[in-house]
Amino acid sequence: MPSGALLFQSVILGLLLGGLYALLAAGLTLYFGIMRVVMIAHSAFLILAAYLAWWSHTELGVDPLLSMVVTVPLFFAAGVLLQRLLLARLRPVTLTMMSVLLTFAIAVVIEGLLGYVFSGTQRRIQLGYGSASLELFGARIAVVKLIAFGLAAVALLSLYLVMKKTAFGWALRATIQHRDAARLVGIDTDRVAGFGFGLGLATAAIGGTALSLDTTIYPSLHWHWIGPLMAIIVVGGLGSVPGAAAAAMVLGLAQSLLQIELGTTWAQTVFYIALFLTLAVRPQGFFGGRLAQRF
Amino acid sequence: MPSVSERLVTPGRAAGGVALVAFAAVALAYPSIAPNPYLLSVGIVVLNYAVLSTSWNFVGGFTGYISLGHGALAGLGAYGTGLLVTKGGLPSFGALVVAALLVAALAVPIGYAALRVRGASFVIVSIALVLVTLLVFQSWASFTGGSRGLNVPRPFPGMLRPEHHRVFFYLFLALLAVALLVWWLIDRSRFGLGLKAIREDEDKAEALGTPTFAYKLVVFVVSAFFTGLAGGLYALWFGDLDPIFQFSILTGSYMVLMALLGGVRNLFGPLVGALVVGVALEYFKVEFGNTPLHLVATGVLLALVVLFMPDGVLPALGSLLRRLDRTTDSSIREVTAAELAAQRIGGEQHAQSRNG
C-alpha cells in the first residue's frame, strides 16, 4: 500500500493532468458538435504548438508562454481555413468517415514535417523555474504543472464564457444544435462553423504550450495523446463538453493513481479499457445526449 | 439490333477480363522473370499489401465503415503465428491457421464494442486498437520479446533464399485469390446485398428487416480472419517481428489508401491500389531512404484521394471507357437527328393510314 503522501500527490497530479485533458477534449468535442468530425489531427497540432514553443525558447530565447501570442491566432486562422477549404468540400453523406481520413492525413503530414525539420530527436525546454516545486501537505507539485493547469483552466473558462455569454457563442451553439433552424433565424452557419473550428484549434495551441513546459516532445508523440483524448470524448458522450470535462478528470485521476502500482506504460491502458467498456455497456457515453446515440 | 442489356460483353467488362488474365499471367510468371531476389521480395511485399487491403475491403467496401486499425489485426496474426511456433511448438502453417482463427475470435468482442454505434465510434475504436496493441506488445517483453523483437523460425529450414521467396510469392498469390473469391461470393449473395444496404442507408436497411448489427459483426470477423492470415504469412516469410512495425497506424492507413485509390466498390480495387501504392512505397524507400518524408507523401496522397477521388481510379476509368464507347448504355438515348426524323415520319404515316 502506497503511503498517504504519495497517494495525495498522485491525486493532485491526476487532477492537474485531467485539466489539460479536459481542455483538449473540449476542442475535439467542439469539432464533433459542429460538423460530426472526429478530428484526428487535433493532437498533431498540439505537438506542433509544443514544438513552436520549444523553438521560440531555444532559438529566440523568449519564455515559451510568450509563443502563444503568435500560435493562438495562427492556429485559429489554420482552423478556419481547414474547415472552409478542406472539410466543407467533402460529401455530406460520407462526411464522418472521409473527414477522419482527411484529418488523419493532416496528422501524418504534420508528424512527417516535424520529423524532417526538427529531426526525431527528443526535445525538452530547460526553464529557470523548471525544477521549482511547491510543498503542500507533504506532496511535491512542480510549478510548471501548476502553470500548465492554470493555462488549461483559464482557456476552458474563456471557452465557456464565449459559448454562453457572447452572440457568437449563441450562434455557434445554435449551429451545433440545429443547423437548418440556425440558418432560418439568420445565422451564417458556414462562417460560424469555420470560426468554431478556429476556436477548437486555438485550444490546441494553448494546450501544446502548456504541454511543452514539462514534457519531452518528439514528432510521433501525438499518437500517445489522440488515443486518450478520443477515449475521453467517447466515455463522456460524443458532443458533450461537460461530459468530456468530467471524463477527463476521472480518467486523468485514474491514470495517475494506477501509475503508482503499474508504471506509466500500463497505466495508459486505463483509457482504452474505459473506451471498450463504455462502448460495450453504454455506447452513448455517460453524459451524452441525443447526438451521441447515433454515432 | 440487339438491345444494350442483352450485350453481355461490354467493352468495360472485356477490358476488365483482359486486364485480369494479363495480371494473372504476369503474376504467375513473375518469379521466373524477376531479375533478382530483391525485386522478387518487392513483389511479395506488394502482394502482401494486396491481400491486406482486399481483407480490409470486406468491411470498408461492403459496409462503408472505415477502419484505421486493421494494421493491429495483421500484427496480431503475425505475433500469434510467431508465438505459437516459438512458444507453442506448433508446425508453421498449423500455427498460421490457429493464429488467424484466434484473431477472428478476438474480433468478436472488438466488433461488438465498435459496431453497436455508428461510424465515428468505430473509427475511434479501430485507432485505439492499434495504440493499445502496440503498448501491450512493447511492454510485455517477457512474453513477446518487447522492443527487441521476435524471431520466427523459417518453415522450410533447408531452403535457399531465392527459392524461399519464390514459394512465398505463390503462397501470397494463392491467399489473394481466395480472398478475392470470397469477396466476390459475398458480393453476389443476399448477405452482401444486406451489407451494401447498410452502406447506403443503415436506418432504412434496419427498418426493412436487415439484421444490421449481426451482418456487420460477421463481415468484420471474416475481414479480421483474412487480415490475420496475411499477417501470419508475412511473419513466416519475413521471420523477424518488431512491435513498432507490426502495430503501426501506418499499416492500417496504407490499407485504406490502397483500397480507396483503387475503388472500394470494386472487387479488384484494392489490388490495383496495392500495385500502385505498394510499388510507389518501395520506390520511395530506395530513392529517399527512411526519412520522415514518406509520412508526408503518404499523407498528401491520402488527402488528395479523399478530396478529389473518393470513388477510386477503377470507377473513374470505367466512366472514361463508357464515354469513349458511345454504343453502351447512357441515360440519354443517342439517336441521330436523321433517325429521329425517319421515326417521326414513319409514325405520322402510320397514324395517317389509320385515320384515313
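Using the three backbone atoms N, Cα and C, a Cβ is placed for every residue, glycine included.
TrEMBL annotations: computationally assigned, not manually curated.
Quick look at what TrEMBL annotates:
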type	residues	note
TRANSMEM	B:39-59	transmembrane segment
TRANSMEM	B:66-86	transmembrane segment
TRANSMEM	B:92-115	transmembrane segment
TRANSMEM	B:122-141	transmembrane segment
TRANSMEM	B:167-186	transmembrane segment
TRANSMEM	B:213-237	transmembrane segment
TRANSMEM	B:243-260	transmembrane segment
TRANSMEM	B:267-284	transmembrane segment
TRANSMEM	B:296-317	transmembrane segment
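Stretch with the most C-beta contacts under 8 angstroms to the transmembrane segment (B:66-86), considering only B:39-59, B:92-115, B:243-260, B:267-284: B:243-260. The stretches the transmembrane segment (B:213-237) and the transmembrane segment (B:296-317) do not meet in space: the count of Cβ pairs below 8 angstroms, excluding pairs fewer than 6 apart in sequence, stays at fewer than three. Ranking B:92-115, B:122-141, B:167-186, B:243-260, B:267-284 by CB pairs under 8 A with the transmembrane segment (B:296-317) puts B:243-260 at the top. Ranked by the number of CB pairs under 8 Å to the transmembrane segment (B:267-284), the listed stretches B:39-59, B:92-115, B:122-141, B:167-186, B:243-260 are led by B:39-59. Within its own chain, the transmembrane segment (B:243-260) is flanked in space by residues 49-50, 52-57, 60-61, 66-72, 74-75, 78-79, 126-127, 130-131, 133-134, 137-138, 144, 146-147, 149, 231, 269-270, 273-274, 276-278, 281, 295, 298, 301-302, 305-306, 309-310, 312, which lie at least six positions past its ends and keep a Cβ under 8 Å from the stretch. Between the transmembrane segment (B:167-186) and the transmembrane segment (B:92-115) there are fewer than 3 Cβ pairs closer than 8 Å, counting only residues 6 or more apart in sequence, so the two stretches are not in contact. Within its own chain, the transmembrane segment (B:39-59) has Cβ neighbours under 8 Å at 27, 30-31, 65, 67, 70, 74, 162, 165-166, 168-169, 172-173, 175-176, 179-180, 182-183, 186, 219-220, 222-223, 226-227, 229-231, 233-234, 237, 251-252, 254-256, 258-259, 262, 264, 269-271, 273-275, 277-279, 282, counting only residues six or more beyond its boundaries.
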